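Visitor: Pulled the feature table from TrEMBL, pasting it below:
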| type | residues | note |
| --- | --- | --- |
| COMPBIAS | 156-168 | compositional bias 'Basic and acidic residues' |
| DOMAIN | 42-130 | domain 'Ig-like' |
| REGION | 148-168 | region 'Disordered' |
| SIGNAL | 1-22 | signal peptide |
| TRANSMEM | 182-205 | transmembrane segment |
């Protein structure tokens, strides 16, 4: 049964185009424990398929992460189980039937068991598929490493990498003070220069007058 090309073709067509098979019967695949959202490594994971029709067998199939479809088991209405390779038992899976519940157990959930699980029923030459039940390990997010703040040694001042821009009001005040200083100190400096020139001229005139007087006495 596992190697039947016709079965694999029917499964592929049913997954790709479920609308062509009608919607008379409804099937639901889910975790038996509703509190489970992600399985853990090595966990015993139990799934169940609820079918509207009790007297028809159910297939369990697995669509892995790479998109490959795998037949797991067929559970008949008697019930009897047929696993891959036409085997009655499996080392990795268990399968049972309880009324309209067709249960599948993954004995030890491993990375190759990740994917979507479907149950399907073949009745009156029509296939009915359940929505897929995803079963993936939880995604582990790692926090980005934090960079430690730079330390400064004793006696060494660290330069600010982002110098502050001067306040516009402070700049205006400085400009006004600068212009006031110009208007005060420039005239004052000019007056001092004139006084100095006048003093130099007076001294020179006095010296010339003394020389003349000395010549007249002789």
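Any Cβ shown, glycine's included, is placed from N, Cα and C.
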Visitor: Need one number: mean pLDDT over the domain 'Ig-like' (42-130).
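Guide: Mean pLDDT across the domain 'Ig-like' (42-130) comes out at 94.
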Visitor: Please list, for the domain 'Ig-like' (42-130), how many residues fall into helix, strand and coil according to DSSP.
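Guide: Secondary-structure composition of the domain 'Ig-like' (42-130): 3 helix, 50 strand, 36 coil.
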